[in-house]
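Annotated features in TrEMBL:
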- Lys12, Leu13, Ser14, Gly15, Gly55, Arg59, Thr162, Tyr168, Asp171: ATP binding site (BINDING)
- Gly54, Asp74, Thr135, Gly136, Asn137, Pro138, Phe139, Phe140, Thr141, Thr142: UMP binding site (BINDING)
- 7-216: domain 'Aspartate/glutamate/uridylate kinase' (DOMAIN)
Amino acid sequence: MTTPAYKRVLLKLSGEALMGDDPYGINRATIERMVADVSEVAKLGVELAIVIGGGNIFRGVAPGAQGMDRATADYMGMLATVMNSLALADAMRQIGMTARVMSAIGIEQVVEPYVRPKALQYLEEGKIVIFAAGTGNPFFTTDTAAALRGSEIGAEIVLKATKVDGVYSADPNKDPTATRYSTISFDEAISKHLQVMDATAFALCRDQRLPIKVFSIVKPGALKSVVMGEDEGTLVHV
Ligand SMILES: Nc1ncnc2c1ncn2[C@@H]1O[C@H](COP(=O)(O)OP(=O)(O)O)[C@@H](O)[C@H]1O
Ligand SMILES: O=c1ccn([C@@H]2O[C@H](COP(=O)(O)OP(=O)(O)O)[C@@H](O)[C@H]2O)c(=O)[nH]1
C-alpha cells in the first residue's frame with residue numbers, strides 16, 4: 001500500500017541529533033540524511049511542517065552561558081533554532097525541495113515572520129514550512145512549539161523524531177531496564193513524569209486532541225514507516 005496515513009503532519013526534529021557524532025554544530029552527513037528522509041515523505045504527498053530544536057548549537061556555547069539569566073539563555077536557544085532552520089531549508093533547496101522558514105521572533109532581514117494564513121498557504125502549495133525560533137517565548141521548548149504550531153495548522157499528528165525509538169518507562173539512556181510503550185495516554189505520560197517531552201507540550205496536545213508519535217531519528221526508514229501508519233515508535237494519545 002502506498003497511501004500515507006496522514007495528509008498534514010507537524011514533524012519535530014531534534015536539534016541535538018543534528019550534530020551526529022560531533023561535539024556540537026551541524027554534521028553535514030546527518031542533515032543530508034534527515035533531508036532525504038523528509039523528501040521521501042513529501043513525495044508521498046504529505047503536507048509537512050517542521051519545527052527543529054537548537055540543542056546542537058546551544059551545547060557549543062553552554063560553557064560561556066553558565067550563570068546567565070534564564071530568559072537571555074532561552075533567547076539564544078531560539079536564535080540557535082533559526083540557524084538550524086536556515087541550514088535545513090538550504091539542504092532541502094540543494095536537493096530540489098522548496099521550503100519556507102518562518103520565525104516566531106522578528107528578524108525580517110533574515111527570515112519572514114510567522115503569519116498563520118501564509119503558513120497554511122505554503123502548505124497547500126506543497127511547500128515545506130519550517131517554524132523557527134520556537135514559540136518566541138523564553139521558558140518554553142521546541143517540543144511545545146511543535147504542539148502549538150501543530151494545533152494551529154490543523155496537523156493530524158505531531159511526529160517527534162528523537163534520539164530514542166519511543167517512550168520508555170524511564171529514561172533509557174540512564175536506566176537499561178526501562179521498557180518501551182507501544183502506546184501511552186497523555187495523562188499517564190504526564191503523571192509518570194516521563195521526560196521524553198515536557199509536560200507543557202503533552203498537556204497542549206492532550207487538550208487539542210492532537211496525538212504524538214515518538215520515534216527514532218537515526219533508524220533508517222522510520223519516518224516513512226510512521227507516515228504510512230505502521231507500528232513504529234510510541235503513540236501518545238488522549
Ligand atoms: N521515559 C522516557 N522515554 C524516552 N526517552 C526519555 C524518557 N525520559 C527521558 N528521556 C530522554 O529524552 C530524550 C528526548 O528528549 P529531548 O532531550 O527533548 O530531545 P530532542 O533533542 O529530541 O528535543 C531522549 O534522548 C531520552 O534520553
Ligand atoms: O519556545 C521556545 C523554544 C525554544 N527555546 C529555547 O531554545 C532552546 C533549544 O530548543 P530545544 O532544547 O527544545 O531543542 P532540542 O532539544 O530539540 O535540541 C531551548 O533549550 C530553550 O532555551 C525557548 O526559549 N522557547
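Glycine too: its Cβ is placed from the backbone N, Cα and C atoms.
What TrEMBL says about a protein is an automatic prediction, not a curated fact.
Recorded features from TrEMBL, shown on the structure.
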| residue | record | Cβ contacts under 8 Å, 6 or more apart |
| --- | --- | --- |
| Lys12 | ATP binding site | Ile50, Val51, Ile52, Gly53, Thr142, Asp143, Ala146, Val158, Leu159, Lys160, Ala161, Thr162 |
| Ser14 | ATP binding site | Ile52, Gly53, Gly55, Ala161, Thr162, Lys163, Ile217 |
| Gly54 | UMP binding site | Gly15, Gly77, Met78, Leu79, Ala80, Thr81, Met83, Asn84, Gly134, Thr142 |
| Thr135 | UMP binding site | Ala104, Thr144, Ala145, Leu148 |
| Asn137 | UMP binding site | none |
| Phe139 | UMP binding site | Arg70, Ala71, Asp74 |
| Thr141 | UMP binding site | Gly53, Gly134, Asp198, Thr200, Ala201 |
| Asp171 | ATP binding site | Ala178, Gln195, Val196 |
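By the rule that a residue counts when its Cβ sits under 6 Å from some atom of ligand 2, the binding-site residues Lys12, Gly55, Thr141, Thr162, Asp171 yield Gly55, Thr141. When pLDDT values are averaged over the domain 'Aspartate/glutamate/uridylate kinase' (7-216), the model yields 96.
In sequence order, Gly77, Met78, Gly134, Thr144, Ala145 are the residues of the same chain, not among Gly54, Asp74, Thr135, Gly136, Asn137, Pro138, Phe139, Phe140, Thr141, Thr142, whose CB sits within 8 A of the CB centroid for the UMP site. According to its DSSP assignment, Gly55 (ATP binding site) is helical. Under 6 Å, Cβ to nearest atom of ligand 1: this is the test, and of the binding-site residues Phe139, Thr141, Asp171 it is passed by Asp171.
Around the Cβ of Thr162 (ATP binding site), 22 further Cβ atoms fall within 10 Å across all displayed protein chains. Here the Cβ of Gly55 (ATP binding site) has 22 other Cβ atoms within 10 Å, regardless of which shown protein chain they belong to.
The full span of the recorded ATP binding residues, Lys12, Leu13, Ser14, Gly15, Gly55, Arg59, Thr162, Tyr168, Asp171, taken as their largest Cα to Cα distance, is 25 Å. Pairwise Cα distances among Gly54, Asp74, Thr135, Gly136, Asn137, Pro138, Phe139, Phe140, Thr141, Thr142, the recorded UMP-binding residues, top out at 14 Å.
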